[in-house]
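First up is the structure itself, then whatever we jot down about it.
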Ligand SMILES: Nc1ncnc2c1ncn2[C@@H]1O[C@H](COP(=O)(O)OP(=O)(O)OP(=O)(O)O)[C@@H](O)[C@H]1O
């Protein structure tokens with residue numbers, strides 16, 4: 001026997017152990033799921049090494065579990081790859097996977113309850129310390145000449161390692177869990193262990209025996225004929241695969257023979273991960289070749305925007321000895337991938353067609369991630385049919401509309417699909433840029449997320465109808481539609497007044513100087529006196545904002561000030577200007593209108609001048625009001 005050495009846990013491990021030991025998490029049974037899942041991974045590795053890489057192996061690949069009431073132990077033994085001394089130290093002693101590190105971080109930040117966190121993350125090997133006083137791991141690696149090792153720890157501050165004599169220790173890992181006194185009755189009980197396995201580990205690809213009796217029966221569900229599988233079985237498999245507590249929103253089971261053979265079982269979860277957050281890596285389908293797991297969560301089978309889909313793919317056509325490194329360039333895999341993408345999109349179209357409520361549920365959970373599909377040019381048309389937006393025709397911010405729905409409501413002769421970006425439905429409802437659309441009863445799609453605009457830019461049109469930003473709408477085209485809403489029409493300007501208006505606009509430009517590129521009459525406004533428009537028709541203001549953030553440009557962009565000559569305020573300015581072209585009110589009002597417009601567009605950085613002016617104007621007007629009531 002080798003010398004026993006003592007090693008301190010890495011700080012993160014101690015921290016996690018401390019959290020687990022002190023947690024009141026009630027679902028402690030998941031420790032068994034975690035140990036079985038590790039055993040299964042170790043067995044998959046053996047199967048991969050032997051079948052895929054042509055090695056030799058006679059040992060049956062299986063997991064054996066024994067419960068001992070008297071000794072208060074549960075023992076989990078597998079014939080998997082085992083661990084060398086170095087692997088033991090690295091894998092259980094130092095944080096092994098990102099999930100546990102994330103869990104520790106979030107638990108210490110205290111934002112979410114520990115119970116939710118433990119339930120949501122696979123806490124891995126360390127979860128055993130929720131039920132154990134002490135754990136002993138005896139393992140022998142598959143590596144030729146590897147020495148068997150024993151690892152023991154009470155899960156507090158350190159662990160002990162010892163090398164064993166070679167004889168009598170088979171390849172694989174045996175984990176003896178010494179249960180806490182109060183939990184021994186519950187877990188050192190074969191019947192209870194069996195029920196836990198049925199619940200969490202029924203689909204493990206290797207036989208699991210409890211006290212000599214085989215417990216799990218179902219394997220490779222995706223290879224079974226569809227008509228033999230119940231929806232409960234699908235749901236059970238989904239939960240096994242994802243640890244989700246809820247049933248899936250949708251299940252798609254397919255079998256394809258040409259151009260390449262494969263079976264796939266794909267699920268859409270009810271809830272979405274935060275696509276840009278910590279779960280970003282938690283995507284991909286498990287890839288099997290003839291039931292041998294080649295890669296968990298393969299990232300090449302489905303593009304990132306379909307990353308919400310969970311499931312497995314199993315093919316007969318790839319060689320078993322394919323290396324994970326060369327998968328990416330494999331032509332067959334690419335064919336499988338393009339077929340899967342098509343199936344997934346067709347399936348979404350089917351849901352959208354048959355069950356709008358379910359599609360809306362899908363969209364709310366996964367729409368944000370799905371929208372990144374604008375980059376998938378090969379499937380552009382399908383994508384365009386699947387994408388949804390809120391719109392001015394929706395009843396509230398929850399409403400969703402497709403391009404096709406929009407067109408079905410479009411005004412006769414309307415060739416364009418209009419859209420506008422804004423922070424909220426309320427803000428867009430008040431936007432001066434959309435006044436003309438409201439007046440003419442032309443629907444506008446509402447974009448709330450920056451990615452929406454990239455979607456519009458990439459698609460450019462739908463079914464021959466150009467996608468046009470409302471702020472870039474061609475006024476002559478809009479003039480072709482009759483007004484549905486009648487404003488209180490302002491009296492038409494006389495020829496003299498028109499000339500004065502031109503001079504007034506020149507005076508406003510003079511007052512604003514280089515802050516604006518131009519001051520001109522607007523045709524898009526009805527309720528507002530002014531708005532800011534883009535001088536060049538290329539990018540929308542929101543896209544301009546995104547570009548400015550990227551290039552760290554904090555200057556205020558130069559825009560065109562559009563003036564509504566029918567607005568009462570502008571008419572008053574005209575009267576004042578007619579009487580005295582040098583009246584200081586004109587400059588004051590011009591600046592006030594300009595800064596208010598900047599404020600609405602989100603560009604005003606210093607509100608002091610604006611506030612000062614408002615106070616001055618209020619003081620004066622209240623004075624007149626008081627006088628007029630005397
Ligand atoms: N029975 C086992 N046989 C061989 N190696 C094992 C066994 N159990 C654990 N390991 C090793 O220890 C590592 C850490 O295990 P742990 O359960 O903490 O995380 P993980 O399995 O990597 O992550 P996850 O639980 O998310 O799959 C494993 O990746 C594996 O390398």
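Glycine residues also receive a Cβ, built from the backbone N, Cα and C atoms like all the rest.
As annotated by TrEMBL, region 'A' applies to 1-324.
Look at TrEMBL and you will find 27-183 tagged as domain 'Histidine kinase/HSP90-like ATPase'.
With a cut-off of 8 Å between CB atoms and residues at least 6 apart in sequence, the same chain places 39, 40, 42, 43, 62, 63, 64, 172, 173, 174 near residue 78 (ATP binding site), listed in sequence order. The ATP binding site annotation in TrEMBL covers 34, 38, 78, 83, 91, 98, 99, 173, 324.
Taken from TrEMBL, the feature region 'C' applies to 546-630.
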Practice task
With an 8 Å cut-off on Cβ-Cβ distance and a minimum sequence separation of at least 6, pull the same-chain contacts of residue 91 (ATP binding site), or say none.
Solution key: 83, 125
Problem - Per-state residue totals over the region 'C' (546-630) - DSSP helix, strand, coil - result: 56 helix, 5 strand, 24 coil
Exercise for the section: Could you pull the average pLDDT for the region 'A' (1-324)? Expected result: 87
